[in-house]
Amino acid sequence: MPASPLRLGVNVDHVATLRNARGGRNPDPVRAALLAIEAGADGITAHLREDRRHIRDEDMARLKAEISKPLNFEMAATDDMMRISLATRPHAVCLVPERRQEVTTEGGLDVVGQHNALAPYIARLNDAGIRVSLFIAADPAQIEMAARLRAPVIEIHTGAWCDAVVDGHTEKADAEWKRIVAGAKLAKDAGLEVHAGHGLDYATAETIAALPDIMELNIGYYMIGEALFVGLAETVRSMRAAMDRGRSRA
């Protein structure tokens, strides 16, 4: 039986990073989202950070109002973000760790250590009909706790694997890859839907697309950088093609 289709979520955070570097309204992350969808994206991801360093509150409202595909709202588990997410009512919320000092999300949520704090946020989002995902490492204890907390989805943090691949650290890349493969299977067997993201490029997206347990990839920084050279629509089409090549081997 062929594997289920693999969805592509395009993260538009770094369109907003470019805009905010100069101020004003351009480039517009909502326009980027619309172009990405037209070119074949299955959904849009945006991370509203507490310091508003890229995506702003009004961007989230406009994305929800203007795009025709599912909106995945990445956020820290705080009361302020909960209020905004319940007002925005995106298709999905992905709970992520967040530190003001970090340049990008540096690791996965510690679901094991923070399960008591996370549980009420997961329950409220579930009750509101918003699909909840937890951004975690491919660690058995974290995956098992995610299932116990009744989060229907996990997103596996692929950053360590992608960095090792790019840096040519073959042994580390192989070890991280084995963790991802095992983690995706464990999560699927536990009844979780499995997504993946962070640091993916054409090559690593094609590789991970061959894992039938993974249903969605969320990719942003690489695609926005590549779009500077070939355009966003072409980048989305090329990423979609890379994913499809990988999926054909699942």
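Cβ atoms are placed via backbone N, Cα and C, with glycine included.
Taken from Swiss-Prot, the feature active site, proton acceptor covers His47, Glu74. Per Swiss-Prot, active site, proton donor is recorded for His198. Residues or ranges marked as 3-amino-2-oxopropyl phosphate binding site in Swiss-Prot (evidence: sequence analysis): Asn11, Arg22, Gly199, Gly220, Tyr221. Look at Swiss-Prot and you will find Asp13, His14, Arg49, His54, Thr104 tagged as 1-deoxy-D-xylulose 5-phosphate binding site. If you look up Swiss-Prot, you'll see Glu155 marked as site 'Transition state stabilizer', on the strength of sequence analysis.
Structure coloured by features recorded in Swiss-Prot.
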{"residue": "Asp13", "record": "1-deoxy-D-xylulose 5-phosphate binding site", "Cβ contacts under 8 Å, 6 or more apart": "Pro29, Thr45, Ala46, His47, His54, Ile55, Gly220, Tyr221"}
{"residue": "His14", "record": "1-deoxy-D-xylulose 5-phosphate binding site", "Cβ contacts under 8 Å, 6 or more apart": "His54, Gly220, Tyr221, Ile224, Gly225"}
{"residue": "Arg22", "record": "3-amino-2-oxopropyl phosphate binding site", "Cβ contacts under 8 Å, 6 or more apart": "none"}
{"residue": "Arg49", "record": "1-deoxy-D-xylulose 5-phosphate binding site", "Cβ contacts under 8 Å, 6 or more apart": "Ile55, Ala76, Glu98"}
{"residue": "Glu74", "record": "active site, proton acceptor", "Cβ contacts under 8 Å, 6 or more apart": "Thr45, Ala46, His47, Leu48, Val93, Cys94, Val96, Phe135"}
{"residue": "Gly199", "record": "3-amino-2-oxopropyl phosphate binding site", "Cβ contacts under 8 Å, 6 or more apart": "Thr158, Gly159, Trp161, Cys162, Asp163, Val166, Tyr221, Tyr222"}
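The two recorded residues, Asn11 (3-amino-2-oxopropyl phosphate binding site) and His198 (active site, proton donor), show a Cα separation of 10 Å. Among the record's 3-amino-2-oxopropyl phosphate binders, Asn11, Arg22, Gly199, Gly220, Tyr221, no two C-alpha atoms are more than 25 Å apart, and one pair sits at exactly that spread.
Comparing Glu155 (site 'Transition state stabilizer') with the residue listed as 'active site, proton donor', their Cα atoms are 10 Å apart once rounded. In this structure, Glu155 (site 'Transition state stabilizer') is part of a beta strand by DSSP. The Cβ neighbour count for the residue listed as 'active site, proton donor', using a 10 Å radius over every protein chain in view, is 25. The most densely surrounded of the recorded positions His47, His54 is His47 (count of other Cβ atoms within 10 A of its Cβ). All protein chains considered, the CB of Gly220 (3-amino-2-oxopropyl phosphate binding site) has 23 other CB atoms within 10 Å. In the three-state DSSP classification, Gly199 (3-amino-2-oxopropyl phosphate binding site) falls within coil.
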